[in-house]
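Notes follow the structure.
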Amino acid sequence: MTLMFTSRTAVYCSNLTTQRSAVTILRTLSGTASNGIKSRSALTAYQQNPSLRTRNFHSTSVVQAKDFFPEPDTPHIKKTKTAWPHPIYTVEQMNQVAVAHRDTRNWSDKVALIAVKLLRWGLDTVSGYKHGKAQALHAQDPQEAQKRYGMTGKQYLVRNVFLESVAGVPGMVAGMLRHLHSMRRMKRDHGWIETLLEESYNERMHLLIFLKLYEPGWFMRLAVLGAQGVFFNAMFLSYLISPRTCHRFVGYLEEEAVVTYTRELADLEAGKLPEWETLAAPDIAVDYYNLPEGHRTMKDLLLHVRADEAKHREVNHTLGNLDQNSDPNPYASKYDNPNVPHPRKDIKYLKPSGWEREEVM
């Protein structure tokens with residue numbers, strides 16, 4: 001008797017639940033038909049909130065648009081501040097950045113310059129960049145030169161992503177080795193570590209900015225993996241042997257980076273990159289450089305990146321002029337007379353060939 005009563009109760013409850021579910025569905029459909037605006041708001045919230053898209057029981061995957069590096073799902077954290085705020089560059093200062101070269105003065109400089117030329121040749125070969133031939137043909141037939149050797153916006157972005165993916169290696173290697181050297185010898189480093197790590201961080205920010213404009217494929221990822229591994233180990237061994245040569249090498253390398261971004265700006269201003277003329281700087285660039293309203297174009301972004309590379313050029317040429325073991329870092333030092341030009345983090349007193357030791361010590 002008890003068993004029969006229990007069975008009937010279960011069946012009744014099941015039917016009642018089914019009826020209530022059906023009524024709920026009908027009410028929902030009716031509400032959807034009469035409240036279109038509310039439905040669209042709910043749909044928007046559904047799309048923007050990943051937690052609402054979680055399905056406990058499913059047999060098919062959810063198709064979602066991919067972001068290259070999406071924001072982390074941390075509702076209680078509004079924003080993570082940068083450890084190294086970027087200095088403010090004026091438009092006049094950035095326009096004064098120019099292509100420059102420091103002449104070699106000893107065997108160490110010559111070794112560094114030869115290494116940079118070989119590296120530049122390899123990068124030009126891989127990316128199909130032939131500026132020398134383009135200039136020679138441009139004097140005879142500009143249209144044919146642009147057709148055969150002209151770079152598109154996408155090709156420049158590919159080159160920039162690859163360049164910036166390895167550009168952050170030298171500063172990290174040098175900062176790491178000096179950090180270990182300071183602990184091992186139980187002596188101060190006199191401010192070199194911070195500047196070197198900040199330089200590496202700045203190069204990584206360049207990479208993150210360009211990744212918002214171009215997403216590399218598997219081939220470039222493999223190329224970056226190999227190049228980064230080889231470059232890291234080469235810099236590691238070289239810095240142990242001659243830190244001065246490594247800083248001169250990076251100084252010459254940054255000279256080439258200034259050349260690259262100067263040519264990109266020239267092509268953009270000449271109308272050869274129409275896809276960049278209306279391209280806005282990514283939000284990550286706006287936040288990092290504090291770009292004001294009306295100065296958030298691709299040209300403004302390239303001006304800032306080129307100015308950064310010009311600053312790295314100066315910093316490494318300056319560090320290459322100093323005593324690697326005893327001299328303090330002039331970019332982390334406080335001078336007694338602030339009115340006299342001296343090394344700074346910004347580009348107010350930019351020196352393409354670096355500051356000589358006698359000028360800063």
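Even glycines carry a Cβ here, placed using N, Cα and C.
For the Fe cation 1 site, Swiss-Prot gives E164, E203, H206; the one candidate out of E71, E309, E314, E356 that the record lists there too is E309.
Fe cation 2 binds E203, E309, H312 as Swiss-Prot records it, and from the list E254, E255, E358, E359 the residue named for this site is E254. For the Fe cation 1 site, the Cβ centre of E164, E203, H206, E309 serves as reference, and the other residues of the chain with Cβ at most 8 Å from it are L163, A167, G168, N202, R204, M205, L207, A257, V305, D308, H312. When other Cβ atoms within 10 Å of the Cβ of H312 (Fe cation 2 binding site) are tallied across all protein chains shown, the result is 23. E309 (Fe cation 1 binding site) falls within a helix when secondary structure is assigned with DSSP.
Per DSSP, the secondary structure of the compositional bias 'Basic and acidic residues' (343-361) breaks down as 4 helix, 0 strand, 15 coil.
E254 (Fe cation 2 binding site) falls within a helix when secondary structure is assigned with DSSP. Assigned with DSSP, the residues of the compositional bias 'Polar residues' (318-328) fall into helix, strand and coil as follows: 4 helix, 0 strand, 7 coil.
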